[in-house]
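Input: a single structure, listed below in C-alpha cells.
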Amino acid sequence: MTVDIEKRGSPTEPSTESSSKEGNIQVDVFGDEENHDIRYKTLSWQFVSALMIAEIVSNGVLSLPNAMAVVGIVPSLILTIFLGVFALYTAKLLIDFKLNHPEVHNMGDAGYIIFGPIGREVLSAGTIIFAIFGTGSEILSGQQALSTLSNSGLCATILLVIFSVATFFVALPRTLGRLSWLGLFSAVFITICGIVAMVGAGANPTPDRVVVATVPTNFYEAFLAITGPVFAYAGHFMFFILISEMRKPEDAMKAAWVLQGFSTTFYVIFSVVIYCYLGGTVASPALFSLPPIWSKAAFGIGLVNFLIAGALYSHTAAKLVFLRLFRHSHHVHSHTVLGWSVWVFLCFVAVAVAFILASAVPIFSYLTGITASVFASWYTYGIAGFFWLYDTFYLKGGAEALKRRWIGTTIATATVVVGAFICVAGTYVSIKLIVDAYAQGLVGQPFTC
C-alpha cells in the first residue's frame, strides 16, 4: 500500500503544499523576505554552529565528570564518544529531512508530516516542554553561579528571580540573527569556563583520590549517570528552527560537524581531566568540587553561557507557539502591536514556567536526568530514525526502497529502538531516585532559601 505524500501537505495548510521532490511545490517557512521589516533568514552556518555550541555545551559538560565517577572512566569515555558519533548521524538524518521538507520549522511540523495532526500536537508540546526544562536548568545553573559568587549572601529564590528576569530580556529579539553574536560569545565563554575549571582542578587535586577504570554499580544509578552524556548532546530539537533561519540551509551539515566535533572532543578532555584530578567525589555540577576561588572564577565566566543558553531555550519555546499562531500572516514579518505583544507574552510565560520548574526541582542532576530521559531520548536520537524511514519510503520508492537500502533501514530502526529504551529506562531511574531523595530528606522545600 502506498500513500501520496500530498495527502499530508503543509503543517499549517493541509492539502495546499507538498514536500515531495517529484515536481511538487516546496514552500519555505518564511518565504520571500526581501521587502519585509523583520527578516529571519540571515544566519550563516558559522553562526549556527556557534548557537548550537552555546545551547548544547552548557549544563551537559558540567555533569559529565560526575557520570564518570559513577560508572568509571572507560565506560564513560566509550559512551561519550559513541553518543557523539551517534548524534552526528541523527543530525544528518534530521537535516536531510528538513531539506526534503522546507516547510518544516519545528518538531511539531515534522510530526504532522509523519504522523498527522496527533503527531504535530505531541511533538509540538514535547518541544515546548523540553525547551522550558532546558530554560529551567540554565536558570538553576545561573542561580548556583550567583550563590557561589555572593557566598550565598542572598536567598536562592531571589537569585532565581534575578537571573530569570535577565533571561527574559535576552530572549526578546524576534530573530535568531539578533542573538548570533551573543551565541558566539556564549560558546567562547563556556569553553573558557571549562579550561579554568580544568586548571583549577589540576592546581588543587583531591588528596588520596580514587580513579578507576570501571565501577560496579546497580542499574538505576548507572543509568542515571548515562543520562548525563545523553543530555550533553540534547540540542537536536532546535535544529529545525535554526536551519529555518539560515541563508543557505544546505550548509547546515557543516554546522553539525563543527558542533559534534567540538562538543565530543571538549567533553572527553574536560571529563577526563576533572575526574582524574578530583576523583570519585566530584559533584554535579563539577564546578562545586573546585576550591572556592576557582569555583567562583569558573562560575563567573560560565554565567554568560547560562544566561544566553537559557534565553535560546525560552526563545525556541516562544517561537514555536508564535509561528503556530501567526504563520503566513503579516504579524510574522512586520512590527505590529499584536505581534510584539504576543511575542513578549510568550517569552515571559516560557521563562516564568521555567522559573517555577527550577524552584520546585532544586537538584541539578535529577533535573538533568528527567530532561534527558523523557525528551532528549527522542529528539536527539529516536525520532531521527522515523525521518529516514519516512523519506526513504515515500520519496525513494516505497517498501522496495527500504529493502534495497537494508543497512540504512536497520540502523534507522535501531535508532528508534535505542531512543525508546533510553526514554523508558531513564525515566524510571530518574523518578525512582527522586522519590528516594525525598524519602531520605535530601531535597529542600520548593521556593525556599
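Glycine is no exception: its Cβ is also placed from the backbone N, Cα and C atoms.
What TrEMBL annotates here:
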- 1-10: compositional bias 'Basic and acidic residues' (COMPBIAS)
- 42-431: domain 'Amino acid transporter transmembrane' (DOMAIN)
- 1-24: region 'Disordered' (REGION)
- 43-62: transmembrane segment (TRANSMEM)
- 68-89: transmembrane segment (TRANSMEM)
- 110-133: transmembrane segment (TRANSMEM)
- 153-172: transmembrane segment (TRANSMEM)
- 179-202: transmembrane segment (TRANSMEM)
- 222-243: transmembrane segment (TRANSMEM)
- 255-277: transmembrane segment (TRANSMEM)
- 297-316: transmembrane segment (TRANSMEM)
- 337-357: transmembrane segment (TRANSMEM)
- 363-390: transmembrane segment (TRANSMEM)
- 411-431: transmembrane segment (TRANSMEM)
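Per-stretch counts of Cβ pairs under 8 Å to the transmembrane segment (153-172) identify 297-316 as the leading one among 110-133, 222-243, 255-277, 297-316. Below 8 angstroms of C-beta separation, residues 5, 8, 11, 19, 97, 101, 104, 234, 237-238, 240, 313-314, 316-317, 320-321, 324, 350, 353-354, 357, 367, 370-371, 375-376, 378-379, 383, 386-387, 390 of the same chain, each at least six residues beyond the ends of the transmembrane segment (110-133), sit close to that stretch.
No contact links the transmembrane segment (297-316) to the transmembrane segment (68-89), because fewer than 3 Cβ pairs that are 6 or more residues apart lie under 8 A. Count of Cβ pairs under 8 Å against the transmembrane segment (222-243): among 43-62, 68-89, 179-202, the largest is for 43-62.
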